[in-house]
2 protein chains.
Amino acid sequence: MSEFDLIRRYFTRPASGAVLGVGDDAALLHVAGGMELAVSTDMLVSGTHFFPDADPFLLGHKTLAVNLSDLAAMGAVPRWATLALSLPDADDGWLQRFSDGFFALADEYGVELVGGDTTRGPLNLSVTIMGEVPQGMALRRSGARAGDDVWVSGALGRAALGLAHLQGRIDLAGDVRSRCLAALHRPQPRVDLGLALRGIANSAIDISDGLLADLGHIAESSHVAAEVEYAAIPADALRGVDESLLRHCVLSGGDDYELCFTVPAAKRGEVETLAAKLSLPLARIGAIAAGQGCTVRSTDGSVMTTKEAGYDHFA
Amino acid sequence: MSEFDLIRRYFTRPASGAVLGVGDDAALLHVAGGMELAVSTDMLVSGTHFFPDADPFLLGHKTLAVNLSDLAAMGAVPRWATLALSLPDADDGWLQRFSDGFFALADEYGVELVGGDTTRGPLNLSVTIMGEVPQGMALRRSGARAGDDVWVSGALGRAALGLAHLQGRIDLAGDVRSRCLAALHRPQPRVDLGLALRGIANSAIDISDGLLADLGHIAESSHVAAEVEYAAIPADALRGVDESLLRHCVLSGGDDYELCFTVPAAKRGEVETLAAKLSLPLARIGAIAAGQGCTVRSTDGSVMTTKEAGYDHFA
């Protein structure tokens, strides 16, 4: 199978939403009038982000999901993606399942693959995703204001717990295991939530490095302080799991791909309505105040010692 | 040095041409009215595209250059780029020189780095470049017509010869060695040529996989035949180099990043004027006719046996 056959067979689909899709030196896209283009890139590396023997279907899903999550956090409608992949060899079965996983999620959100690159090398998957958002309406990290509530979607810590389970550090069972492994392998980007938060949230970020680190980015960019109540953070009730490991997973595990966002307290009702409309749990976990930094308080009101920053590839 | 320090120190520059640059979940870009967005991605992998000990300044240059070359082939004005990189470790000296090389070329063409991703793993560099082209004016592979002349810019085969020299397969010296190594390490994307060809050329492609393969793409996409005279292809005169190796480098070596384009014979004068204006050699090497495929003829008119396809990562 040649490189061109490979691209033709697995990665060339009609792109009716593009002026020109896969097959030329560049794709050509038309960004609608009044819209800004939102662009984000994420790279997944074998051995760093996933096990070398990861299920290729789930890997195709996750490769796109982590990028969709970035657009969700901006309140942008996902439209187009490019995929650059480095492969140790051209394995038909692997490519079929990987592309099936990628396109299944792409189809769900109307994303078109419009270009890419295929090369030989250690397994590496790099997606650039592009979407549209009405001018001036994007959700930024820098918009949080004192008096905002801090919210998160879904439950936190699951992906990190799932990883700990696979690494043999803890032993999960039953529903919790299923949920944690699903969160790790098949994260659901909160695209609909991001779109619905336009005009409601003052700021938003997706939780990829862990709540503490990512809410810390909001605090830093917005020049405010974030205070979170640990007990208010939605997480699975787990027995027999070391408390400090659990806390690490919930606060700093990362790979959650839930949204963390801030909304003026006056709009609490709108967020609650949204949660019902989207059938997605949205939890109010804290508040924004004047100051700086990100603080977590335990049930008795004391500040928890959390030296844990988010996941850092080079720390 | 943390991942965020690394991004801040080496890859965060003001992006005055973007609504929002590095530092949020996505960049925000405004594509001007009447313009299409041209998007292309290229991934460079250590050991496949470059030696692991490659000079990081030159690598920074080349990483962006090969992407600029794609936009050149579309006739698009380069505007923005994202950079995803996987690094074995965070080496200050390497990062400084890599980013210097990247930004030196970016500044030359007014390209702004608006986003990216940094992770740990085998050295891998993936750029997505975005540019603007007036609606309907992009140069495509599919526009070649019978009666067009086939042109190429610069000289072909140099990068492949430079690589053969570094691999000890041939021994280059003097000016030829300098030119071949410069072509390999520091390719000059033909952006100005691509822009000037809008309204003149019927089709264009950048020569990354080798003339035969890339002109073959034009022929296939345009449903025409391309005929090239070997003697008309601009290449360095080399003594003592095996003729079949030389032919391979010129026809199929790839990594040239020159433009191959087709222009109606009636517009020959316009192309010659362009060559003078841009101080860039442009050579007429053949013609487009009805039919299919890409044929090369030797001086005596016979069809050269050239089984050589272009570089293929998986053939």
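Backbone N, Cα and C atoms are what each Cβ position is placed from, and that goes for glycine too.
Sequence annotations record features per position, and here TrEMBL assigns Mg(2+) 3 binding site to B:D25, B:D70, B:D206. As annotated by TrEMBL, Mg(2+) 4 binding site applies to B:D25, B:S40, B:D70. The annotation Mg(2+) 1 binding site is assigned in TrEMBL to B:T41, B:D42, B:D117. TrEMBL lists B:D42, B:D70 with the feature Mg(2+) 2 binding site. Under the heading substrate binding site, TrEMBL lists B:H49, B:D255, B:Y311. Residues annotated as ATP binding site in TrEMBL: B:G116, B:D117, B:R141, B:S208. The Mg(2+) 5 binding site feature in TrEMBL is assigned to B:D209. Among the features that TrEMBL reports, domain 'PurM-like N-terminal' is placed at B:23-133. Annotation source TrEMBL lists domain 'PurM-like C-terminal' at B:145-296.
Feature map: TrEMBL annotations on the structure.
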| residue | record | DSSP class |
| --- | --- | --- |
| B:S40 | Mg(2+) 4 binding site | strand |
| B:H49 | substrate binding site | coil |
| B:D70 | Mg(2+) 3 binding site | helix |
| B:G116 | ATP binding site | strand |
| B:R141 | ATP binding site | helix |
| B:D206 | Mg(2+) 3 binding site | strand |
Number of other Cβ atoms within 10 Å of the Cβ of B:D25 (Mg(2+) 3 binding site) across all protein chains: 28
Candidate with sparsest Cβ neighbourhood (10 Å radius) among B:D42, B:D70, B:D206, B:D255, the listed binding-site residues: B:D255
Residues of the domain 'PurM-like N-terminal' (B:23-133) by DSSP state, where helix covers H, G and I: 37 helix, 47 strand, 27 coil
Near chain A - the binding-site residues B:T41, B:D42, B:S208, B:D255, filtered by Cβ distance under 8 Å: B:T41, B:D42
Rounded Cα-Cα span from B:D70 (Mg(2+) 3 binding site) to B:D209 (Mg(2+) 5 binding site), Å: 12
Distance from B:D70 (Mg(2+) 3 binding site) back to B:H49 (substrate binding site), taken between C-alpha atoms, in Å: 17
B:T41 (Mg(2+) 1 binding site) CB neighbourhood, other CB atoms within 10 A: 26
Inter-residue Cα distance where the pair is B:D206 (Mg(2+) 3 binding site) and B:R141 (ATP binding site), in Å: 10
Binding-site residues (B:S40, B:S208), the one with most neighbouring Cβ atoms at 10 Å: B:S40
Spatial neighbours of B:S208 (ATP binding site), counting only the binding-site residues B:T41, B:D70, B:D255 and Cα distances within 10 Å: B:D70, B:D255
Length of the line joining the Cα atoms of B:D42 (Mg(2+) 1 binding site) and B:D25 (Mg(2+) 3 binding site), in Å: 22
Using Cα positions only, nearest of the binding-site residues to B:G116 (ATP binding site) (B:S40, B:T41, B:D70): B:T41
Distance check against B:S40 (Mg(2+) 4 binding site) for the binding-site residues B:D25, B:D117, B:D206, B:D255, keeping those with Cα within 10 Å: none
